[in-house]
Amino acid sequence: MAMQLHAASPDSEHYVAKSPPPPPPLSPHPEPAPAFVKPKSPHVSQGGNAPVATATTPLTPGRVDRARHDHHGGGGGGDEAAQLLNGIVLVLRAGAALLSFVAMALVASCRHGDWMDFLRYQEYRYLLGVSVVAFVYSAAQALKNFRRRRRGAADASFLDFAGDQAVAYLLVTASAAALPITIRMRSAVVNVFTDAIAASIALGFLAFAALALSAMLSRHA
């Protein structure tokens, strides 16, 4: 056997059998393998495995304003009702201003001399003065209401409600005070003077009704 090994290797003097290297020593505390974590999908609901389709809607200025309005508790129906009431109040005040102006013009035109002069009667002077006040007040309120609606602030104040009531009271008292003497005049004679005074009294009552209704609606606007 030794002879065969010596014959197989010509350099037997320097021949050394090589063995494979030993395996590395095992660590006493082996590191655990990393656990596999499944990534969460942003489109999966919490309670199920079915994917949920999500859509992103761009916010336009109109949608932002609507969202702010809904967040503060405002409703579209209530806002539309308030706008409608304020529009009716504006029309009523403008109508009261027009009626008062026509009544004022009719009374001021009754200067026909002698007994057909409105300055001879205290009731007609009072009716003229109240018609002037009602015209100025109603026109100013209608203009203020129109500007307020254009700015988007349609809330009425307590002063508007009180002012409508006060001017309406003046109109009804002035028209009621001028009515008895006019009825007596018209029972005796019917002419341009009595017709103009009767028309101004009727317009005063209509202006009173317009402002009274305006006061009721402005309270709820």
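Placement of Cβ uses the backbone N, Cα and C atoms for every residue, glycine included.
Taken straight from TrEMBL:
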type: COMPBIAS; residues: 19-33; note: compositional bias 'Pro residues'
type: COMPBIAS; residues: 50-62; note: compositional bias 'Low complexity'
type: DOMAIN; residues: 85-210; note: domain 'Casparian strip membrane protein'
type: REGION; residues: 1-78; note: region 'Disordered'
type: TRANSMEM; residues: 84-106; note: transmembrane segment
type: TRANSMEM; residues: 126-146; note: transmembrane segment
type: TRANSMEM; residues: 166-185; note: transmembrane segment
type: TRANSMEM; residues: 197-217; note: transmembrane segment
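Counted as Cβ pairs under 8 Å, contacts with the transmembrane segment (197-217) are highest for 84-106 among 84-106, 126-146, 166-185.
Mapped onto DSSP classes, the domain 'Casparian strip membrane protein' (85-210) shows 107 helix, 2 strand, 17 coil.
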